[in-house]
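Peer 1: Okay, these came from Swiss-Prot:
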- 18-103: domain 'LBH' (DOMAIN)
- SER63: phosphoserine (MOD_RES)
- 68-105: region 'Disordered' (REGION)
- 86-98: compositional bias 'Acidic residues' (COMPBIAS)
Amino acid sequence: MSVYFPIHCSDYLRSAEMTEVMMNAPSMEEIGLSPRKDGLSYQIFPDPSDFDRCCKLKDRLPSIVVEPTEGEVESGELRWPPEEFLVQEDEQDNCEETTNEKKDQ
């Protein structure tokens, strides 16, 4: 069983209420980003001069050199590609070489 309560409110009345809200709301000029009482101002976007100063401090990125090591894998260390993958690749290469040799003959 549903209960229906009709709301006796015309669209004109709702429109009048919205107009009243819009008329009483502060304008964008009043909302503007003015300095606060403590003297600090709001800043949304970074100051371009800060960007220039930051770039001058960073002439270049630090370089990190990583050299591969050929040694025993420590316990728990993962290597890529895994040795099983390398063995499978070698087998596939050998199969391809064999088929190419048969085609050449």
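Any Cβ shown, glycine's included, is placed from N, Cα and C.
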Peer 1: Over all shown protein chains, what is the count of other CB atoms within 10 A of the CB belonging to the residue listed as 'phosphoserine'?
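Peer 2: Step by step: centre on the Cβ of the residue listed as 'phosphoserine', count other Cβ atoms within 10 Å, giving 5.
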Peer 1: Who are the long-range neighbours of the compositional bias 'Acidic residues' (86-98) in its own chain, taking Cβ under 8 Å and residues 6 or more past its ends?
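Peer 2: No residues contact the compositional bias 'Acidic residues' (86-98) from elsewhere in the chain.
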Peer 1: Find the average pLDDT over the domain 'LBH' (18-103) in the predicted model and report it.
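Peer 2: The predicted confidence over the domain 'LBH' (18-103), as a mean pLDDT, is 67.
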Peer 1: DSSP-wise, what's the residue breakdown of the compositional bias 'Acidic residues' (86-98) into helix, strand and coil?
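Peer 2: Output for the compositional bias 'Acidic residues' (86-98) reads 13 helix, 0 strand, 0 coil.
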